[in-house]
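To start, the structure under review is shown below, and the notes come after it.
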(Lines of atoms letter the chains of each structure in order from A and count residues from 1; the text may use other names and numbers.)
(Lines give C-alpha, C1' and ligand atoms only; values in the text may rest on other atoms or scores of the structure.)
Protein backbone atom coordinates (compact mmCIF):
# COMPACT_ATOMS: atom_id res chain seq x y z
CA UNK A 1 0.00 0.00 0.00
CA UNK A 2 2.79 2.37 0.92
CA UNK A 3 4.62 1.45 -2.27
CA UNK A 4 1.59 2.34 -4.43
CA UNK A 5 1.19 5.69 -2.64
CA UNK A 6 4.83 6.50 -3.26
CA UNK A 7 4.51 5.73 -6.96
CA UNK A 8 1.44 7.98 -7.25
CA UNK A 9 3.25 10.82 -5.48
CA UNK A 10 6.25 10.46 -7.79
CA UNK A 11 4.01 10.51 -10.85
CA UNK A 12 2.14 13.63 -9.66
CA UNK A 13 5.39 15.47 -9.01
CA UNK A 14 6.70 14.62 -12.45
CA UNK A 15 3.50 15.83 -14.13
CA UNK A 16 3.52 19.07 -12.13
CA UNK A 17 7.14 19.78 -13.03
CA UNK A 18 6.40 19.32 -16.72
CA UNK A 19 3.48 21.74 -16.51
CA UNK A 20 5.46 24.37 -14.61
CA UNK A 21 8.68 23.89 -16.58
CA UNK A 22 9.78 25.54 -19.73
CA UNK A 23 8.00 24.78 -22.92
CA UNK A 24 11.12 23.74 -24.79
CA UNK A 25 10.91 20.63 -26.96
CA UNK A 26 13.07 17.63 -26.12
CA UNK A 27 13.86 14.15 -27.40
CA UNK A 28 15.26 11.25 -25.32
CA UNK A 29 17.56 8.35 -26.24
CA UNK A 30 18.77 5.83 -23.61
CA UNK A 31 21.49 3.22 -24.16
CA UNK A 32 24.04 1.45 -22.02
CA UNK A 33 24.06 3.28 -18.70
CA UNK A 34 23.21 6.79 -19.91
CA UNK A 35 20.34 8.80 -21.37
CA UNK A 36 20.72 11.78 -23.74
CA UNK A 37 18.17 14.54 -24.11
CA UNK A 38 18.20 17.02 -26.99
CA UNK A 39 16.51 20.36 -26.22
CA UNK A 40 15.37 22.99 -28.69
CA UNK A 41 15.78 26.08 -26.56
CA UNK A 42 18.09 29.09 -27.14
CA UNK A 43 20.29 29.44 -24.06
CA UNK A 44 23.89 30.41 -23.39
CA UNK A 45 26.32 27.60 -22.58
CA UNK A 46 26.25 28.53 -18.89
CA UNK A 47 22.44 28.57 -18.74
CA UNK A 48 22.25 25.28 -20.64
CA UNK A 49 24.61 23.63 -18.14
CA UNK A 50 22.46 25.00 -15.31
CA UNK A 51 19.35 23.53 -16.92
CA UNK A 52 21.00 20.08 -17.16
CA UNK A 53 22.45 20.17 -13.63
CA UNK A 54 19.07 21.00 -12.06
CA UNK A 55 17.81 17.66 -13.36
CA UNK A 56 20.88 15.72 -12.25
CA UNK A 57 23.01 15.79 -15.39
CA UNK A 58 25.52 17.82 -17.39
CA UNK A 59 25.95 19.00 -20.92
CA UNK A 60 26.61 15.87 -22.97
CA UNK A 61 30.05 14.37 -23.46
CA UNK A 62 31.02 12.78 -26.77
CA UNK A 63 33.94 10.56 -25.79
CA UNK A 64 33.44 7.82 -28.38
CA UNK A 65 31.86 7.24 -31.77
CA UNK A 66 29.19 5.06 -30.14
CA UNK A 67 28.21 7.92 -27.85
CA UNK A 68 28.17 10.28 -30.85
CA UNK A 69 25.62 8.04 -32.61
CA UNK A 70 23.33 8.06 -29.54
CA UNK A 71 23.38 11.88 -29.52
CA UNK A 72 22.80 11.98 -33.27
CA UNK A 73 19.68 9.85 -32.75
CA UNK A 74 18.33 12.27 -30.13
CA UNK A 75 18.93 15.26 -32.44
CA UNK A 76 17.23 13.47 -35.32
CA UNK A 77 14.15 12.80 -33.15
CA UNK A 78 14.14 16.45 -32.08
CA UNK A 79 13.99 17.66 -35.68
CA UNK A 80 10.81 15.62 -36.21
CA UNK A 81 9.04 17.49 -33.39
CA UNK A 82 7.38 20.90 -33.76
CA UNK A 83 7.90 23.42 -36.55
CA UNK A 84 10.56 22.70 -39.17
CA UNK A 85 13.87 24.48 -38.81
CA UNK A 86 15.31 26.87 -41.33
CA UNK A 87 17.47 25.28 -43.97
CA UNK A 88 20.76 26.58 -42.60
CA UNK A 89 23.31 25.09 -40.20
CA UNK A 90 22.32 25.27 -36.53
CA UNK A 91 24.29 24.49 -33.39
CA UNK A 92 23.64 22.63 -30.12
CA UNK A 93 25.82 23.06 -27.02
CA UNK A 94 27.77 20.05 -25.68
CA UNK A 95 29.86 19.82 -22.51
CA UNK A 96 33.24 20.63 -24.07
CA UNK A 97 34.74 23.91 -22.85
CA UNK A 98 38.06 25.71 -22.43
CA UNK A 99 38.45 28.19 -19.60
CA UNK A 100 39.87 31.68 -19.95
CA UNK A 101 43.66 31.71 -19.64
CA UNK A 102 44.01 28.19 -21.11
CA UNK A 103 45.52 28.21 -24.58
CA UNK A 104 44.75 25.79 -27.39
CA UNK A 105 47.03 22.83 -28.02
CA UNK A 106 46.88 21.50 -31.56
CA UNK A 107 48.80 18.35 -30.60
CA UNK A 108 45.91 17.06 -28.45
CA UNK A 109 42.65 15.59 -29.81
CA UNK A 110 40.56 17.99 -27.72
CA UNK A 111 42.81 21.00 -28.60
CA UNK A 112 43.09 22.07 -24.94
CA UNK A 113 39.35 21.70 -24.19
CA UNK A 114 38.01 19.46 -21.39
CA UNK A 115 34.70 17.76 -20.64
CA UNK A 116 32.39 19.10 -17.97
CA UNK A 117 31.69 16.88 -14.99
CA UNK A 118 34.81 14.69 -14.84
CA UNK A 119 37.34 16.89 -16.70
CA UNK A 120 38.92 13.81 -18.28
CA UNK A 121 40.41 13.86 -21.75
CA UNK A 122 39.40 11.53 -24.56
CA UNK A 123 41.02 10.39 -27.78
CA UNK A 124 37.90 10.77 -29.90
CA UNK A 125 37.28 14.10 -31.63
CA UNK A 126 35.30 15.34 -34.65
CA UNK A 127 36.29 18.97 -35.21
CA UNK A 128 34.90 20.76 -38.24
CA UNK A 129 38.06 22.94 -38.54
CA UNK A 130 40.96 24.12 -36.43
CA UNK A 131 39.94 25.86 -33.24
CA UNK A 132 40.71 29.55 -32.72
CA UNK A 133 44.06 30.08 -31.05
CA UNK A 134 43.19 32.45 -28.22
CA UNK A 135 43.79 32.41 -24.47
CA UNK A 136 41.94 35.54 -23.37
CA UNK A 137 38.40 34.28 -23.85
CA UNK A 138 36.34 31.35 -22.59
CA UNK A 139 35.44 29.06 -25.48
CA UNK A 140 32.65 26.44 -25.77
CA UNK A 141 32.07 23.64 -28.27
CA UNK A 142 28.84 22.85 -30.10
CA UNK A 143 27.49 20.33 -32.64
CA UNK A 144 26.79 21.63 -36.15
CA UNK A 145 23.52 20.30 -37.58
CA UNK A 146 22.54 21.07 -41.17
CA UNK A 147 18.84 20.24 -41.79
CA UNK A 148 19.25 20.75 -45.54
CA UNK A 149 21.65 17.80 -45.83
CA UNK A 150 19.80 14.55 -46.72
CA UNK A 151 20.44 11.49 -44.55
CA UNK A 152 20.99 13.48 -41.38
CA UNK A 153 20.60 10.38 -39.19
CA UNK A 154 23.36 8.54 -41.11
CA UNK A 155 26.16 11.07 -40.58
CA UNK A 156 27.74 12.40 -37.40
CA UNK A 157 27.63 16.11 -36.61
CA UNK A 158 30.92 18.00 -36.58
CA UNK A 159 32.26 20.06 -33.66
CA UNK A 160 32.77 23.82 -33.70
CA UNK A 161 34.19 26.17 -31.08
CA UNK A 162 33.08 29.71 -30.35
CA UNK A 163 32.17 32.20 -27.62
CA UNK A 164 30.01 30.75 -24.85
CA UNK A 165 27.40 33.50 -25.17
CA UNK A 166 25.44 35.15 -22.38
CA UNK A 167 21.89 35.25 -21.08
CA UNK A 168 20.85 38.06 -23.44
CA UNK A 169 22.61 36.73 -26.55
CA UNK A 170 23.39 32.97 -26.59
CA UNK A 171 24.66 33.09 -30.18
CA UNK A 172 23.29 33.67 -33.64
CA UNK A 173 23.35 29.98 -34.66
CA UNK A 174 22.63 28.36 -31.28
CA UNK A 175 19.26 26.58 -31.32
CA UNK A 176 19.54 24.24 -28.32
CA UNK A 177 21.72 21.90 -26.27
CA UNK A 178 22.19 18.22 -25.39
CA UNK A 179 22.18 16.86 -21.80
CA UNK A 180 23.55 13.56 -20.48
CA UNK A 181 22.30 11.61 -17.44
CA UNK A 182 24.20 8.59 -16.11
CA UNK A 183 22.63 5.66 -14.18
CA UNK A 184 23.80 2.53 -12.43
CA UNK A 185 21.62 0.32 -14.62
CA UNK A 186 18.68 -0.02 -17.01
CA UNK A 187 15.47 -2.01 -17.23
CA UNK A 188 14.14 -3.61 -20.41
CA UNK A 189 11.04 -2.02 -21.96
CA UNK A 190 7.71 -3.50 -20.89
CA UNK A 191 5.99 -5.77 -23.42
CA UNK A 192 2.17 -5.89 -23.58
CA UNK A 193 0.23 -9.07 -24.24
CA UNK A 194 -2.79 -7.15 -25.54
CA UNK A 195 -3.82 -3.71 -26.78
CA UNK A 196 -2.60 -0.89 -24.54
CA UNK A 197 -0.23 2.06 -24.11
CA UNK A 198 2.99 2.38 -22.04
CA UNK A 199 4.53 5.72 -21.02
CA UNK A 200 7.81 6.02 -19.15
CA UNK A 201 8.69 8.87 -16.83
CA UNK A 202 12.43 9.10 -16.12
CA UNK A 203 14.09 10.51 -12.98
CA UNK A 204 15.17 13.56 -15.02
CA UNK A 205 11.47 14.30 -15.75
CA UNK A 206 11.46 13.24 -19.39
CA UNK A 207 8.45 11.30 -20.77
CA UNK A 208 8.59 8.85 -23.66
CA UNK A 209 6.77 5.76 -24.91
CA UNK A 210 9.53 4.47 -27.18
CA UNK A 211 12.59 3.94 -24.97
CA UNK A 212 14.86 1.07 -25.93
CA UNK A 213 16.25 1.01 -22.37
CA UNK A 214 14.55 2.48 -19.30
CA UNK A 215 16.82 4.03 -16.62
CA UNK A 216 16.80 2.84 -13.04
CA UNK A 217 14.08 4.41 -10.82
CA UNK A 218 11.84 5.24 -13.81
CA UNK A 219 8.05 4.82 -13.57
CA UNK A 220 6.04 2.99 -16.25
CA UNK A 221 2.35 3.85 -16.72
CA UNK A 222 0.36 1.10 -18.51
CA UNK A 223 -3.17 1.69 -19.86
CA UNK A 224 -4.92 -1.43 -21.26
CA UNK A 225 -7.64 -0.95 -23.88
CA UNK A 226 -9.47 -4.27 -23.62
CA UNK A 227 -11.37 -4.98 -20.40
CA UNK A 228 -9.61 -2.39 -18.20
CA UNK A 229 -10.43 0.79 -20.08
CA UNK A 230 -9.78 3.91 -18.04
CA UNK A 231 -7.59 2.05 -15.55
CA UNK A 232 -3.84 2.51 -15.40
CA UNK A 233 -1.16 0.31 -13.87
CA UNK A 234 2.14 1.73 -12.53
CA UNK A 235 5.42 -0.14 -12.32
CA UNK A 236 8.88 0.85 -11.01
CA UNK A 237 12.31 -0.09 -12.39
CA UNK A 238 14.14 -1.61 -9.43
CA UNK A 239 17.49 -3.25 -8.67
CA UNK A 240 16.48 -6.79 -7.71
CA UNK A 241 20.08 -8.02 -7.32
CA UNK A 242 23.53 -6.45 -7.66
CA UNK A 243 23.76 -5.10 -11.21
CA UNK A 244 20.37 -6.72 -12.08
CA UNK A 245 17.47 -4.34 -12.82
CA UNK A 246 13.85 -5.28 -13.60
CA UNK A 247 10.23 -4.21 -13.12
CA UNK A 248 8.22 -5.07 -10.03
CA UNK A 249 5.66 -7.03 -12.06
CA UNK A 250 5.09 -10.64 -13.18
CA UNK A 251 3.28 -12.15 -16.12
CA UNK A 252 2.21 -10.51 -19.39
CA UNK A 253 0.36 -7.21 -19.19
CA UNK A 254 -3.05 -6.43 -20.82
CA UNK A 255 -3.62 -10.14 -21.53
CA UNK A 256 -6.87 -10.84 -23.46
CA UNK A 257 -8.34 -14.31 -24.24
CA UNK A 258 -9.62 -12.82 -27.47
CA UNK A 259 -6.08 -12.32 -28.81
CA UNK A 260 -4.12 -14.95 -26.88
CA UNK A 261 -0.67 -15.36 -28.50
CA UNK A 262 -1.73 -13.58 -31.68
CA UNK A 263 -1.12 -10.10 -30.27
CA UNK A 264 2.55 -9.20 -29.87
CA UNK A 265 3.43 -12.87 -29.20
CA UNK A 266 1.38 -12.65 -26.01
CA UNK A 267 3.98 -10.29 -24.57
CA UNK A 268 6.55 -13.13 -24.34
CA UNK A 269 10.18 -12.54 -25.16
CA UNK A 270 10.72 -15.87 -26.92
CA UNK A 271 7.99 -18.53 -27.10
CA UNK A 272 4.22 -18.27 -26.41
CA UNK A 273 2.16 -21.42 -25.70
CA UNK A 274 -1.66 -21.27 -25.90
CA UNK A 275 -4.04 -23.27 -23.68
CA UNK A 276 -7.35 -24.83 -24.69
CA UNK A 277 -9.46 -22.27 -22.84
CA UNK A 278 -7.88 -19.24 -24.53
CA UNK A 279 -5.14 -18.87 -21.93
CA UNK A 280 -1.43 -18.89 -22.78
CA UNK A 281 1.98 -18.91 -21.13
CA UNK A 282 5.51 -17.88 -22.06
CA UNK A 283 8.44 -20.22 -22.55
CA UNK A 284 12.14 -20.13 -23.47
CA UNK A 285 14.28 -21.87 -26.03
CA UNK A 286 16.86 -24.52 -25.16
CA UNK A 287 19.79 -23.04 -23.25
CA UNK A 288 17.63 -20.30 -21.69
CA UNK A 289 15.49 -20.11 -18.60
CA UNK A 290 12.34 -18.15 -17.76
CA UNK A 291 12.88 -15.28 -15.37
CA UNK A 292 10.68 -14.33 -12.43
CA UNK A 293 8.51 -11.97 -14.49
CA UNK A 294 7.27 -15.04 -16.46
CA UNK A 295 7.89 -13.17 -19.69
CA UNK A 296 11.64 -12.67 -20.12
CA UNK A 297 14.26 -15.33 -20.82
CA UNK A 298 17.89 -15.46 -19.74
CA UNK A 299 20.73 -17.76 -20.77
CA UNK A 300 21.45 -20.66 -18.48
CA UNK A 301 25.07 -19.57 -18.81
CA UNK A 302 25.20 -16.18 -17.07
CA UNK A 303 28.33 -15.30 -19.04
CA UNK A 304 26.61 -15.67 -22.42
CA UNK A 305 25.59 -12.02 -22.38
CA UNK A 306 29.21 -10.89 -21.74
CA UNK A 307 28.43 -9.05 -18.51
CA UNK A 308 32.12 -8.34 -17.86
CA UNK A 309 33.64 -5.47 -19.79
CA UNK A 310 37.08 -4.38 -20.89
CA UNK A 311 39.89 -6.76 -19.93
CA UNK A 312 37.69 -8.69 -17.49
CA UNK A 313 36.80 -12.35 -18.06
CA UNK A 314 33.47 -13.85 -16.92
CA UNK A 315 33.37 -17.08 -14.91
CA UNK A 316 29.91 -18.64 -14.22
CA UNK A 317 28.97 -19.69 -10.73
CA UNK A 318 28.39 -23.28 -9.56
CA UNK A 319 24.58 -23.02 -9.86
CA UNK A 320 24.62 -21.28 -13.23
CA UNK A 321 22.73 -18.27 -11.88
CA UNK A 322 25.59 -15.99 -10.99
CA UNK A 323 29.05 -15.13 -12.27
CA UNK A 324 32.26 -13.39 -11.30
CA UNK A 325 34.66 -11.22 -13.31
CA UNK A 326 38.41 -11.76 -13.19
CA UNK A 327 41.19 -9.47 -14.37
CA UNK A 328 44.53 -10.38 -16.00
CA UNK A 329 47.84 -9.65 -14.24
CA UNK A 330 48.51 -5.93 -13.96
CA UNK A 331 44.78 -5.08 -13.61
CA UNK A 332 42.22 -5.08 -10.82
CA UNK A 333 38.42 -4.90 -10.66
CA UNK A 334 36.84 -1.47 -10.45
CA UNK A 335 34.02 -0.43 -8.13
CA UNK A 336 31.36 -2.17 -10.28
CA UNK A 337 33.23 -5.50 -10.09
CA UNK A 338 32.57 -5.91 -13.81
CA UNK A 339 35.47 -4.08 -15.42
CA UNK A 340 39.21 -3.87 -14.93
CA UNK A 341 41.49 -0.90 -14.27
CA UNK A 342 45.25 -0.75 -14.57
CA UNK A 343 47.42 -1.25 -11.47
CA UNK A 344 50.20 1.32 -11.04
CA UNK A 345 53.12 -0.95 -10.17
CA UNK A 346 55.46 2.05 -9.91
CA UNK A 347 53.92 2.98 -6.56
CA UNK A 348 55.91 0.11 -5.03
CA UNK A 349 59.20 1.45 -6.57
CA UNK A 350 60.26 -1.79 -8.24
CA UNK A 351 63.04 -0.07 -10.24
CA UNK A 352 66.42 1.12 -9.11
CA UNK A 353 66.04 4.48 -10.84
CA UNK A 354 63.07 5.51 -13.05
CA UNK A 355 59.82 3.55 -13.37
CA UNK A 356 57.29 4.04 -16.20
CA UNK A 357 53.82 2.57 -15.74
CA UNK A 358 52.21 0.94 -18.80
CA UNK A 359 48.76 -0.65 -19.27
CA UNK A 360 48.92 -3.89 -17.36
CA UNK A 361 52.64 -3.66 -16.69
CA UNK A 362 55.61 -1.30 -16.23
CA UNK A 363 59.17 -0.80 -17.42
CA UNK A 364 62.35 0.41 -15.78
CA UNK A 365 64.55 3.12 -17.24
CA UNK A 366 67.98 4.39 -16.28
CA UNK A 367 69.14 7.95 -15.72
CA UNK A 368 71.48 9.74 -18.09
CA UNK A 369 74.94 8.27 -17.68
CA UNK A 370 73.65 4.80 -16.77
CA UNK A 371 72.51 1.77 -18.74
CA UNK A 372 70.54 -1.38 -17.86
CA UNK A 373 72.69 -4.14 -16.47
CA UNK A 374 73.58 -6.06 -13.39
CA UNK A 375 72.47 -9.44 -12.08
CA UNK A 376 68.97 -8.30 -11.10
CA UNK A 377 66.24 -7.04 -13.41
CA UNK A 378 65.70 -3.29 -13.30
CA UNK A 379 69.22 -2.45 -12.08
CA UNK A 380 71.45 0.12 -13.78
CA UNK A 381 75.21 0.32 -14.16
CA UNK A 382 77.41 3.31 -14.84
CA UNK A 383 78.38 4.06 -18.44
CA UNK A 384 82.13 4.58 -18.89
CA UNK A 385 82.14 7.63 -21.14
CA UNK A 386 85.95 7.64 -21.06
CA UNK A 387 86.30 4.16 -22.57
CA UNK A 388 88.95 3.97 -25.34
CA UNK A 389 87.50 5.03 -28.64
CA UNK A 390 84.47 6.67 -27.02
CA UNK A 391 86.01 9.51 -25.00
CA UNK A 392 84.50 12.90 -25.85
CA UNK A 393 87.49 14.77 -24.39
CA UNK A 394 90.32 16.18 -26.48
CA UNK A 395 92.99 15.17 -23.92
CA UNK A 396 92.30 13.68 -20.49
CA UNK A 397 88.95 12.13 -19.50
CA UNK A 398 87.92 11.09 -15.97
CA UNK A 399 84.85 8.88 -15.51
CA UNK A 400 82.54 9.52 -12.55
CA UNK A 401 79.33 7.91 -11.27
CA UNK A 402 76.80 8.67 -13.97
CA UNK A 403 78.95 11.30 -15.67
CA UNK A 404 82.51 12.36 -16.53
CA UNK A 405 84.71 15.43 -16.75
CA UNK A 406 87.54 16.54 -19.04
CA UNK A 407 90.92 18.00 -18.12
CA UNK A 408 93.89 19.36 -20.05
CA UNK A 409 97.63 18.90 -19.83
CA UNK A 410 99.92 21.60 -18.48
CA UNK A 411 99.98 24.53 -20.86
CA UNK A 412 96.36 24.06 -22.01
CA UNK A 413 92.95 25.11 -20.68
CA UNK A 414 89.41 23.80 -21.19
CA UNK A 415 87.44 25.41 -23.99
CA UNK A 416 84.28 24.81 -26.04
CA UNK A 417 80.63 24.99 -25.06
CA UNK A 418 80.62 21.47 -23.61
CA UNK A 419 84.01 21.81 -21.92
CA UNK A 420 85.61 18.92 -23.84
CA UNK A 421 88.20 20.79 -25.94
CA UNK A 422 91.64 22.10 -24.92
CA UNK A 423 93.11 25.43 -25.99
CA UNK A 424 96.79 26.39 -25.79
CA UNK A 425 97.61 28.89 -23.04
CA UNK A 426 99.81 31.81 -24.15
CA UNK A 427 102.09 31.93 -21.13
CA UNK A 428 103.91 34.96 -22.49
CA UNK A 429 100.66 36.92 -22.65
CA UNK A 430 99.21 35.72 -19.35
CA UNK A 431 102.32 36.45 -17.30
CA UNK A 432 103.08 39.73 -19.15
CA UNK A 433 106.74 38.83 -19.57
CA UNK A 434 107.17 37.65 -16.00
CA UNK A 435 108.36 34.18 -17.04
CA UNK A 436 111.46 35.36 -18.90
CA UNK A 437 113.91 38.16 -18.12
CA UNK A 438 114.03 39.29 -21.75
CA UNK A 439 112.27 37.66 -24.70
CA UNK A 440 109.43 35.12 -24.38
CA UNK A 441 108.24 32.81 -27.20
CA UNK A 442 104.95 30.92 -26.88
CA UNK A 443 104.88 27.34 -28.13
CA UNK A 444 102.17 24.67 -28.32
CA UNK A 445 101.59 23.75 -24.71
CA UNK A 446 104.69 25.56 -23.39
CA UNK A 447 107.05 28.52 -24.01
CA UNK A 448 110.75 29.32 -24.37
CA UNK A 449 112.95 32.27 -23.44
CA UNK A 450 115.46 34.19 -25.54
CA UNK A 451 117.78 37.19 -25.35
CA UNK A 452 118.49 40.35 -27.34
CA UNK A 453 121.68 40.68 -29.43
CA UNK A 454 124.78 40.81 -27.28
CA UNK A 455 123.19 38.74 -24.50
CA UNK A 456 123.15 35.06 -23.74
CA UNK A 457 120.66 32.82 -21.91
CA UNK A 458 121.75 31.42 -18.58
CA UNK A 459 121.64 27.67 -17.93
CA UNK A 460 118.43 28.28 -15.97
CA UNK A 461 116.75 29.07 -19.29
CA UNK A 462 115.22 32.31 -17.97
CA UNK A 463 117.87 34.95 -17.23
CA UNK A 464 120.12 36.77 -19.70
CA UNK A 465 123.75 37.76 -19.12
CA UNK A 466 126.11 39.97 -21.14
CA UNK A 467 128.34 38.42 -23.83
CA UNK A 468 132.07 37.86 -23.37
CA UNK A 469 134.29 40.99 -23.19
CA UNK A 470 131.18 43.20 -23.37
CA UNK A 471 132.03 46.87 -22.80
CA UNK A 472 128.56 48.04 -21.78
CA UNK A 473 124.94 47.08 -21.53
CA UNK A 474 123.35 45.81 -24.74
CA UNK A 475 121.21 48.04 -26.83
CA UNK A 476 117.50 47.32 -26.77
CA UNK A 477 116.34 47.26 -30.36
CA UNK A 478 112.65 47.37 -31.17
CA UNK A 479 111.00 44.03 -31.76
CA UNK A 480 109.76 44.82 -35.22
CA UNK A 481 113.24 45.78 -36.51
CA UNK A 482 115.26 42.98 -34.93
CA UNK A 483 112.85 40.21 -35.96
CA UNK A 484 113.45 40.62 -39.68
CA UNK A 485 115.24 37.98 -41.78
CA UNK A 486 114.38 35.09 -39.55
CA UNK A 487 115.23 36.85 -36.28
CA UNK A 488 118.70 37.54 -37.55
CA UNK A 489 119.50 40.00 -34.78
CA UNK A 490 118.45 37.79 -31.82
CA UNK A 491 121.14 36.06 -29.80
CA UNK A 492 120.34 32.96 -27.80
CA UNK A 493 122.31 31.08 -25.19
CA UNK A 494 125.73 29.71 -25.97
CA UNK A 495 126.31 26.81 -23.57
CA UNK A 496 129.49 24.82 -23.42
CA UNK A 497 129.45 21.09 -22.78
CA UNK A 498 132.70 20.04 -21.13
CA UNK A 499 134.16 16.63 -21.86
CA UNK A 500 133.83 14.03 -19.18
CA UNK A 501 137.54 14.16 -18.40
CA UNK A 502 137.51 17.89 -17.60
CA UNK A 503 134.16 17.88 -15.82
CA UNK A 504 133.56 14.65 -13.99
CA UNK A 505 130.11 15.70 -12.91
CA UNK A 506 128.99 16.02 -16.55
CA UNK A 507 127.35 19.36 -15.98
CA UNK A 508 127.03 22.03 -18.63
CA UNK A 509 129.11 25.18 -18.09
CA UNK A 510 129.08 28.48 -19.86
CA UNK A 511 132.08 29.77 -21.81
CA UNK A 512 133.98 32.81 -20.54
CA UNK A 513 133.03 34.02 -17.11
CA UNK A 514 133.58 37.75 -17.59
CA UNK A 515 129.87 38.77 -18.01
CA UNK A 516 127.93 41.85 -17.08
CA UNK A 517 125.06 41.29 -14.66
CA UNK A 518 122.75 43.98 -16.05
CA UNK A 519 119.70 42.52 -17.94
CA UNK A 520 117.77 43.81 -20.96
CA UNK A 521 114.11 44.71 -20.82
CA UNK A 522 111.61 41.80 -20.76
CA UNK A 523 110.00 41.53 -24.16
CA UNK A 524 107.27 38.88 -24.69
CA UNK A 525 107.15 37.49 -28.22
CA UNK A 526 104.28 35.37 -29.44
CA UNK A 527 105.84 34.00 -32.65
CA UNK A 528 108.22 31.00 -32.39
CA UNK A 529 112.05 31.37 -32.43
CA UNK A 530 114.35 29.95 -35.11
CA UNK A 531 114.36 26.22 -35.69
CA UNK A 532 117.89 25.86 -34.39
CA UNK A 533 116.64 26.32 -30.79
CA UNK A 534 116.61 23.13 -28.74
CA UNK A 535 114.83 22.34 -25.45
CA UNK A 536 116.82 22.88 -22.28
CA UNK A 537 116.88 20.63 -19.25
CA UNK A 538 114.33 22.81 -17.50
CA UNK A 539 110.69 21.84 -18.44
CA UNK A 540 108.90 24.47 -20.47
CA UNK A 541 112.20 26.44 -21.12
CA UNK A 542 114.16 26.34 -24.38
CA UNK A 543 117.76 27.37 -25.06
CA UNK A 544 119.98 27.56 -28.11
CA UNK A 545 122.40 24.66 -28.44
CA UNK A 546 126.08 25.31 -27.93
CA UNK A 547 128.17 26.60 -30.84
CA UNK A 548 131.51 26.72 -28.95
CA UNK A 549 133.71 23.67 -28.29
CA UNK A 550 136.86 24.01 -26.16
CA UNK A 551 140.07 22.20 -27.15
CA UNK A 552 142.84 20.73 -25.05
CA UNK A 553 145.33 23.59 -25.63
CA UNK A 554 145.08 26.85 -23.77
CA UNK A 555 146.27 28.92 -26.73
CA UNK A 556 143.47 27.81 -28.92
CA UNK A 557 140.97 28.55 -26.14
CA UNK A 558 142.33 32.07 -25.77
CA UNK A 559 142.19 32.60 -29.53
CA UNK A 560 138.61 31.44 -29.65
CA UNK A 561 137.79 33.72 -26.74
CA UNK A 562 139.32 36.72 -28.49
CA UNK A 563 137.44 36.05 -31.71
CA UNK A 564 134.20 35.67 -29.83
CA UNK A 565 134.85 38.88 -27.87
CA UNK A 566 135.62 40.87 -31.03
CA UNK A 567 132.51 39.54 -32.74
CA UNK A 568 130.30 40.39 -29.78
CA UNK A 569 131.87 43.90 -29.54
CA UNK A 570 131.29 44.62 -33.25
CA UNK A 571 127.71 43.52 -33.00
CA UNK A 572 127.11 45.72 -29.91
CA UNK A 573 128.68 48.80 -31.63
CA UNK A 574 126.59 48.35 -34.77
CA UNK A 575 123.45 48.08 -32.70
CA UNK A 576 124.26 51.27 -30.77
CA UNK A 577 124.92 53.24 -33.94
CA UNK A 578 121.72 51.99 -35.54
CA UNK A 579 119.74 52.94 -32.46
CA UNK A 580 121.29 56.45 -32.48
CA UNK A 581 120.28 56.92 -36.11
CA UNK A 582 116.73 55.92 -35.27
CA UNK A 583 116.54 58.38 -32.39
CA UNK A 584 117.93 61.32 -34.45
CA UNK A 585 115.57 60.58 -37.33
CA UNK A 586 112.62 60.49 -34.97
CA UNK A 587 113.58 63.85 -33.40
CA UNK A 588 113.95 65.52 -36.81
CA UNK A 589 110.59 64.23 -37.94
CA UNK A 590 108.93 65.54 -34.77
CA UNK A 591 110.52 69.00 -35.25
CA UNK A 592 109.34 69.17 -38.83
CA UNK A 593 105.82 68.31 -37.75
CA UNK A 594 105.88 71.01 -35.06
CA UNK A 595 107.10 73.63 -37.56
CA UNK A 596 104.38 72.71 -40.01
CA UNK A 597 101.73 72.93 -37.29
CA UNK A 598 103.04 76.35 -36.14
CA UNK A 599 102.95 77.70 -39.70
CA UNK A 600 99.39 76.55 -40.19
CA UNK A 601 98.38 78.23 -36.93
CA UNK A 602 99.95 81.61 -37.91
CA UNK A 603 98.33 81.50 -41.33
CA UNK A 604 94.91 80.89 -39.84
CA UNK A 605 95.27 83.80 -37.38
CA UNK A 606 96.17 86.24 -40.16
CA UNK A 607 93.27 85.12 -42.28
CA UNK A 608 90.90 85.57 -39.32
CA UNK A 609 92.10 89.18 -38.75
CA UNK A 610 91.51 90.10 -42.41
CA UNK A 611 87.98 88.73 -42.27
CA UNK A 612 87.25 90.74 -39.08
CA UNK A 613 88.34 93.99 -40.77
CA UNK A 614 86.09 93.34 -43.73
CA UNK A 615 83.11 92.71 -41.47
CA UNK A 616 83.54 95.97 -39.33
CA UNK A 617 81.00 98.78 -40.31
CA UNK A 618 82.46 102.14 -41.58
CA UNK A 619 81.77 105.32 -39.56
CA UNK A 620 80.14 108.50 -41.07
CA UNK A 621 83.41 110.41 -40.77
CA UNK A 622 85.16 108.07 -43.18
CA UNK A 623 83.19 109.64 -46.10
CA UNK A 624 84.62 113.12 -45.54
CA UNK A 625 88.02 114.72 -46.62
CA UNK A 626 89.75 117.00 -44.10
CA UNK A 627 91.20 120.33 -45.43
CA UNK A 628 94.07 122.10 -43.54
CA UNK A 629 93.20 125.49 -41.93
CA UNK A 630 94.51 128.78 -43.37
CA UNK A 631 97.44 130.55 -41.82
CA UNK A 632 95.50 133.74 -41.29
CA UNK A 633 92.91 132.04 -39.18
CA UNK A 634 95.59 130.31 -37.12
CA UNK A 635 97.38 133.65 -36.55
CA UNK A 636 94.24 135.41 -35.50
CA UNK A 637 93.57 132.68 -33.09
CA UNK A 638 96.99 133.16 -31.44
CA UNK A 639 97.12 136.67 -29.92
CA UNK A 640 100.48 136.06 -28.28
CA UNK A 641 102.37 135.36 -31.49
CA UNK A 642 105.05 138.15 -32.22
CA UNK A 643 104.81 137.51 -35.88
CA UNK A 644 101.43 137.63 -37.52
CA UNK A 645 100.51 134.44 -39.25
CA UNK A 646 102.87 132.31 -37.18
CA UNK A 647 102.53 130.46 -33.96
CA UNK A 648 105.81 131.46 -32.40
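Quick reminder: no glycine exception, Cβ is built from N, Cα and C everywhere.
TrEMBL entries are annotated by machine, without manual review.
So that you can see what the record holds, here are the features copied from TrEMBL:
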type: COMPBIAS; residues: 492-517; note: compositional bias 'Polar residues'
type: COMPBIAS; residues: 555-565; note: compositional bias 'Basic and acidic residues'
type: DOMAIN; residues: 31-164; note: domain 'C-type lectin'
type: DOMAIN; residues: 299-337; note: domain 'EGF-like'
type: DOMAIN; residues: 342-376; note: domain 'EGF-like'
type: DOMAIN; residues: 382-423; note: domain 'EGF-like'
type: SIGNAL; residues: 1-21; note: signal peptide
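As a whole-number mean, the pLDDT of the domain 'EGF-like' (299-337) in this prediction is 84.
Tertiary neighbourhood of the domain 'EGF-like' (382-423): same-chain residues 367-371, 444-446, 540, selected by CB-CB distance under 8 Å and a gap of 6+ residues from either end. Across the domain 'C-type lectin' (31-164), DSSP assigns 28 helix, 35 strand, 71 coil. Broken down by DSSP into helix, strand and coil, the domain 'EGF-like' (342-376) contains 4 helix, 14 strand, 17 coil.
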